[in-house]
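K.L.:
Pulled the feature table from TrEMBL, pasting it below:
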DOMAIN    39-74  domain 'EF-hand'
BINDING   52, 54, 56, 58, 63  Ca(2+) 1 binding site
DOMAIN    78-110  domain 'EF-hand'
BINDING   91, 93, 95, 97, 102  Ca(2+) 2 binding site
């Protein structure tokens with residue numbers, strides 16, 4: 001399944017473009033711009049599984065760095081600072097990774 005099966009390609013392009021500058025990423029604004037906030041819990045889980053590149057059931061710090069590329073190949077890599085901030089925002093249980101439920105909570109709170 002491709003991200004464009006779940007989200008509008010134009011919304012993805014605009015959202016990724018809005019955060020093309022280094023240190024500009026804001027996950028709350030990004031999830032809203034890309035249309036993820038309006039999606040059903042089932043679709044949010046599908047997006048999670050696309051971003052979980054190694055299919056471990058978690059999005060680890062290394063995968064978070066490439067989160068924008070998960071939406072489109074043109075996305076930039078997040079900086080270490082942005083990656084750590086995103087992990088801190090989503091990792092509610094402190095295990096160093098974001099599970100599907102934690103991801104859904106991040107989207108709902110955005």
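Placement of Cβ uses the backbone N, Cα and C atoms for every residue, glycine included.
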K.L.:
Report, as numbers and ranges, which residues of the same chain sit near the domain 'EF-hand' (78-110): CB under 8 Å and 6 or more residues beyond its ends.
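P.N.:
Sequence-remote neighbours of the domain 'EF-hand' (78-110) are 22-23, 25, 27-32, 36-37, 39, 41, 44-45, 48-49, 51, 57-61, 64-68.
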K.L.:
Nearest by CA distance to residue 56 (Ca(2+) 1 binding site): which of the binding-site residues is it, out of 91, 93, 95, 97, 102?
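P.N.:
Closest recorded candidate to residue 56 (Ca(2+) 1 binding site) by Cα: 97.
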K.L.:
Per DSSP, what is the residue count of the domain 'EF-hand' (78-110) in each of helix, strand and coil?
P.N.:
21 helix, 3 strand, 9 coil
K.L.:
Report, as a single number, how many Cβ atoms besides its own are within 10 Å of the Cβ of residue 91 (Ca(2+) 2 binding site).
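P.N.:
Counting Cβ neighbours of residue 91 (Ca(2+) 2 binding site) within 10 Å gives 19.
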K.L.:
For residue 95 (Ca(2+) 2 binding site), which of the binding-site residues 52, 58, 63 has the nearest Cα in space?
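P.N.:
Of all the candidates listed, 58 is nearest in space.
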K.L.:
Which one, from the binding-site residues 52, 95, has the smallest tally of other C-beta atoms lying within 10 Å of its C-beta?
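P.N.:
If we count Cβ atoms within 10 Å for the binding-site residues 52, 95, the smallest count is at 95.
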K.L.:
How many Å separate the Cα atoms of residue 102 (Ca(2+) 2 binding site) and residue 58 (Ca(2+) 1 binding site)?
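P.N.:
Cα of residue 102 (Ca(2+) 2 binding site) to Cα of residue 58 (Ca(2+) 1 binding site) measures 9 Å after rounding.
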K.L.:
Of the binding-site residues 91, 93, 97, which one has its Cα closest to the Cα of residue 58 (Ca(2+) 1 binding site)?
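P.N.:
If we rank 91, 93, 97 by Cα distance to residue 58 (Ca(2+) 1 binding site), first place goes to 97.
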K.L.:
Same chain, not part of 52, 54, 56, 58, 63: whose C-beta falls within 8 angstroms of the C-beta centre of the Ca(2+) 1 site? Give them in sequence order.
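P.N.:
Along the chain, the qualifying residues are 51, 53, 55, 57, 59, 60, 97.
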K.L.:
On the 0 to 100 pLDDT scale, where does the domain 'EF-hand' (78-110) sit on average?
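P.N.:
Residues in the domain 'EF-hand' (78-110) carry a mean pLDDT of 96 in this prediction.
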K.L.:
Give the distance between the Cα atoms of residue 63 (Ca(2+) 1 binding site) and residue 93 (Ca(2+) 2 binding site), rounded to the nearest whole Å.
P.N.:
18
K.L.:
Please identify, among the binding-site residues 91, 93, 97, the one with the smallest Cα-Cα distance to residue 52 (Ca(2+) 1 binding site).
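P.N.:
In terms of Cα distance, residue 52 (Ca(2+) 1 binding site) lies closest to 97.
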